[in-house]
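Read through the structure below, which is laid out as structure tokens, and then see the notes.
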Amino acid sequence: MPCDYFYKLQNNPQEEPLADAKNSQGQGTKLTVLLALVTLVSTFGSSFQYGYNVSVINSPAPFMQNFYNQTYMDRYGTYMDSNFRTLLWSLTVSMFPLGGFFGSLLVGPLVNNCGRKGTLLINNLFSIVPAILMGTSEVAKTFEGIILSRIIIGINAGLSSNVVPMYLGEMSPKNLRGAIGVVPQLFITIGILVAQILGLKSILGNREGWPVLLGLTGIPAAVELILLPFFPESPRYLLIQKGDEEQARKALQRLRGRDNVDDEIEEMCQEDQSEKQEGRLSVMNLCTFQALRWQLISIIVMMMGQQLSGINAVFYYADRIFESSGVEANAVQYVTVGIGAVNVVMTCLAVFIIELVGRRILLLVGFGMCCVSCAVLTMALNLQTSVPWMPYISIASVIAYIIGHAIGASPIPFVLITEMFLQSSRPAAFMVGGSVHWLCNFTVGLVFLYMQQALGAYSFLIFCVICLATVIYIFFIVPETKNKTFMEINQIMAKRNGVEVTVDKEELMDINTIPGTWNEKKEVTTNSSL
């Protein structure tokens, strides 16, 4: 049965087996080689692909559109109408976030039935198959294969963007959970940068190289498919959802590099006992459950703020901003790579400072920088034709915006989804957060061109207002979660929700005399200093 440890504690009340573990917990658990390796393998095999496929079609777009046109000519003896060609290319771009939305809807059923690791392994099929289709599309003379592959690879990104933070967050000790939780976003930015570099016209962003550029996305998936089976499943999934304490303990011992993991087993059992009345929550249950009301609102607000804050618009405007500042057209692609490098460096910085300054500060500073940058950029774009030095202000605003998004708006919301929800509600929370993320991404891609045509540079004022509203919400509602257990965070949010969801450690020892049975109580209160 789960939590056999508490039987031993009940039978030997004078023993204090938690003492050494708690002392080590107070000092902070160190990053082990195994935890570092599973982080690298899962983020390279999954998160990296998300970033790679976001950016991979930007550079070869003219050559791919020519391929569409020539294929149509070979089939029907006439070239495409320009409107039809634009429609096909719009589908090629928009199918990726649409697939991401569908992938987010699959998160709950897959992680609950196949586990976190099992879902990531299955997800590799949604990368390898489209990689083959896209890599052979020119030889097969089928642009339909590319469009179909984009929605399949979108499903892969939708799953990986949710499951990887969940998997790593559940395996990480509380003093490293934030830093490890930012690593998936780091590998997303690395994926974007690698796609930008390989997409240079001198490498693969040309008429001959674009099929290879698209097909390379299968390599990280193959690496993960080979290596990930050697790493453990999430201990929380094994103990709380599967009821297998022995395997959960073995997994924790491997991940922590020590035999005594009783402190974390106890904390998981507290969580398990606290959730017995709830059961496993569906998305519908989550949306109507009072005890999780503010957590749900918070992740929706942060995910909307993340995608509606103008990140895609800034990248869209970046090329023309650099050109207006005197950068030659042929050199703009290298400047874009430089912006991608800034994104990587600042996200890497977030990995190292998140446990020092906390999640809340990074969110406020990140969205605040985005807000100010959008306001300044609006002014600079409107004055750059009349003021000679104003284009340089535009460049500085773009760089400041990228820095703000990289340290706060991009990585932290996914970390907080893991931390603000317990095991029974976490999959449903990721489904909601992921769906909002991808729907907003899709919406911005759909309406931004129309908004830009109507408002021009004043489009950034809308993004400025959205960033400001997100900052105000975070300041008043979102708590700091640094170095807190999931149960401690749950208690903080319970007060805001007007409910009491707590656990008394002594009551966890109050086990029925019949082995394998817990005493279930309608309300559990705490005397511990959580």
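Just so you know, glycine gets a Cβ as well, placed from its N, Cα and C.
Per TrEMBL, the features are as follows:
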TRANSMEM  31-52  transmembrane segment
DOMAIN    39-482  domain 'Major facilitator superfamily (MFS) profile'
TRANSMEM  87-108  transmembrane segment
TRANSMEM  120-140  transmembrane segment
TRANSMEM  146-168  transmembrane segment
TRANSMEM  180-198  transmembrane segment
TRANSMEM  210-231  transmembrane segment
TRANSMEM  296-318  transmembrane segment
TRANSMEM  330-354  transmembrane segment
TRANSMEM  361-383  transmembrane segment
TRANSMEM  389-416  transmembrane segment
TRANSMEM  428-451  transmembrane segment
TRANSMEM  457-478  transmembrane segment
**Asked** Which bits of the chain, at least 6 residues beyond where the transmembrane segment (330-354) starts or stops, bring a Cβ under 8 A of a Cβ in it?
**Response** 55, 59, 178-179, 181-183, 185-186, 189-190, 192-193, 196-197, 199-201, 205, 315, 318-319, 322-323, 362, 398-399, 402-403, 405-408, 410-412, 415, 482
**Asked** Which range out of 87-108, 180-198, 361-383, 457-478 gives the transmembrane segment (31-52) the most CB pairs under 8 Å?
**Response** 180-198
**Asked** With pairs 6 or more apart in sequence, are the transmembrane segment (120-140) and the transmembrane segment (210-231) linked by at least 3 Cβ pairs under 8 Å?
**Response** yes
**Request:** With pairs restricted to those 6 or more apart in sequence, evaluate whether the transmembrane segment (180-198) and the transmembrane segment (457-478) have 3+ C-beta pairs under 8 Å.
**Result:** no
**Item:** Spatial neighbours of the transmembrane segment (87-108) far in sequence, C-beta under 8 Å, 6+ residues away
**Value:** 53-54, 57, 61, 64-65, 68, 80, 119, 126, 143, 146-147, 150-163, 282-283, 427-428, 430-431, 434-435, 437-439, 441-442, 445-446
**Asked** Tell me, what is the mean pLDDT of the domain 'Major facilitator superfamily (MFS) profile' (39-482)?
**Response** 91
**Prompt:** What residues in the same chain, six or more past the boundaries of the transmembrane segment (210-231), come closer than 8 Å to it by Cβ-Cβ distance?
**Reply:** 34, 37-38, 41-42, 44-46, 48-49, 52-53, 56-57, 59-60, 63-64, 67, 117, 120-121, 124, 127-128, 130-132, 134-139, 146, 149, 153, 156, 195, 198-199, 204
**Complete:** For the transmembrane segment (457-478), the distant same-chain contacts (Cβ-Cβ under 8 Å, at least six residues beyond its ends) come to 294, 297-298, 301-302, 304-305, 308-310, 313, 360, 363-364, 367-368, 370-371, 374-375, 377-378, 381-382, 409, 416, 448, 451, 496
